[in-house]
């Protein structure tokens, strides 16, 4: 992965040099050339075969996204325990093809202005920087996906996502219930049994299912029916009663409720600035709750969750020790500007605390700013279903770091317009022509 990360960064610098030389020749002077590159979108490495490159760009992205989904859904199931070659041979090959597809889309199949590429490239540079320190491949992969997602119709992306994820999950379940993988159907935790459904942990299965539900919602934006909303709520009940994946279940139920409100009262009505600021304010509010609540913990016993006062203990139990684990992190971990490798304990499932320690405060602020800006813009323009998906993404992040995985949270693609600082009219403009 080090090689891939460095290759993309060097290729972007090389593309900038080639573009500058070409613009300088056309304009005759460097200042007008820089002005043109800054304002006008263009293909990297020159405009040769422009029509064909723009045609193949979205195809490469959809190929990469489908491989990403299959790699996580199947190769990270218990099939890797039953057949070691799945993780040792198949997954690395799929990863190489996936990253080559994404790199092809980024370098050869997308138009950028230097303004938008500079902003998105800065995010990638920071992601690469903290990857070297924290060794977390998921955020680096997310940065690559967001770079590659520019100008790809969202519905087209979700078709590729579902076309890969649904058969992969079905395959895992067939193998599981046939007894070929994960022969133990349950796992014991705190005296209760939780169904695994072919994965190493119930929350992994819950994240996969929640991701497919979100992908379906994003595919059906503006066309969701009441029966579909009822089905989403039913999935939430199933996740709570079956694998007892509380985080995914609560998010599915919240998603159904928010989509119902959007369908009943939203109907594309734009919000004024104060009203749009309300959903956007949920991001700093969730961050403040995540980072400040652990400061009120009073230790009353030897175990990690032996805490007080009583109201905070009850809240901590509801959130499965998210608060007490953050309190432990405050006492045993240092905050580093560019992130670090985390020990096995304490386990940080809250995304705000996790980003602070794994990636550093700079990336935490950037991530929170992007989500806040996206929520504000979607609410401001009356795109309440997209806003609902982002609010659910925020709740999921409060409980699970899997929110960084596109498999569990394809709503991350809604951030692509904010990453490139595009005008809102460009965020999902191609969806209207998607067949």
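Keep in mind that glycine also has a Cβ here, set from the backbone N, Cα and C atoms.
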Quick test of your reading of TrEMBL: among 184-201, 202-219, 310-327, 328-345, where does it put transmembrane segment?
202-219
Surrounding residues of the transmembrane segment (161-182) on its own chain - C-beta under 8 Å, 6+ positions past either end:
65-67, 69-70, 73-74, 77-79, 81-82, 196-200, 208-209, 211-212, 215-216, 219, 407, 410
Close approaches to the transmembrane segment (129-149) from elsewhere in its chain (Cβ under 8 angstroms; 6 or more beyond its ends):
1-2, 5, 8, 60-61, 64-65, 68, 99, 102-103, 105-106, 110, 120-121, 123, 157, 336, 338-342, 358-360, 363, 404-406, 412-413, 415-416, 419
Selection from 56-78, 90-109, 277-298, the stretch that has most Cβ pairs under 8 A to the transmembrane segment (202-219):
56-78
